[in-house]
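Q: Would you mind keeping the following structure in view while I ask a few things?
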């Protein structure tokens, strides 16, 4: 009996050791894969602290030691902030993102509420148009949209950059999917207590949709933060220049200012991470819940 028990224990220990070994190999493979994926990002981030002559100095042959432990300087950051007024560019982009989110959440949530909880003629067609707008590439509507903005004399104004972005098809869809799951009896109770449609939307529906609000805000933020073509068309002056357009300015006719470009890219990457990471769980919750509702 003791022999059987000891053999059983040895088998359990072997299985446990094999399981641990497989787990170690999995984590090691994931660590290697993560390092390979992160290497280009780490390279341009460290290169942002070096001069243009030093940026590609450790590429051939490649040297990890030189990459991580070489000389560092903040000169590139000083150049883009002092010479190219990068602080104003970042401020412009953050302002545009904030105003787009503020107006856009209000507009998109009301549209989502109407599509989810109100009955009107052409509702299905409107929903199809919202879904269709998500699939249309921006290039297809850029020229007619630019013609409208030009006729309204909004070129080189904040209105031209902000207003076309407030009605975001993806955000409307997220709100609609979130509102569909709200019990109609809750809304009927509010109406019986004398609440109008707008008050019901504002005081009953919106407070229970915080994850969706955050998800929609992040969708609109990333869209505006990464926008290039539209700001390039309608925001031509330096006082309205957006971040991605400013980064393109480092690519000159006679070459690219790599060190300054990498410094600008690093800033353009760090700021969204600081903003997005704290709200990541709400974003995932809002996206996941919207995909499970009819």
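For all residues, glycine too, the Cβ spot is worked out from N, Cα and C.
Keep in mind that TrEMBL annotations are predicted by a computer and have not been checked by a curator.
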Q: If you check TrEMBL, which stretch out of 47-65, 66-84, 161-179 is marked transmembrane segment?
A: 161-179
Q: Does the transmembrane segment (161-179) reach the transmembrane segment (257-279) with at least 3 CB pairs under 8 A, where each pair is 6 or more residues apart?
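A: Output no: the transmembrane segment (161-179) is apart from the transmembrane segment (257-279).
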Q: Return the stretch with the most CB pairs under 8 A relative to the transmembrane segment (93-116), choosing among 21-45, 128-149, 200-223, 257-279.
A: 200-223
Q: Is the transmembrane segment (128-149) packed against any residues at least 6 beyond its ends, judged by a Cβ distance under 8 Å, and which are they?
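A: Contacts of the transmembrane segment (128-149) (Cβ under 8 Å, skipping residues fewer than 6 from its ends): 111, 115, 155, 160, 164, 169-170, 172-173, 176, 229-230, 233-234.
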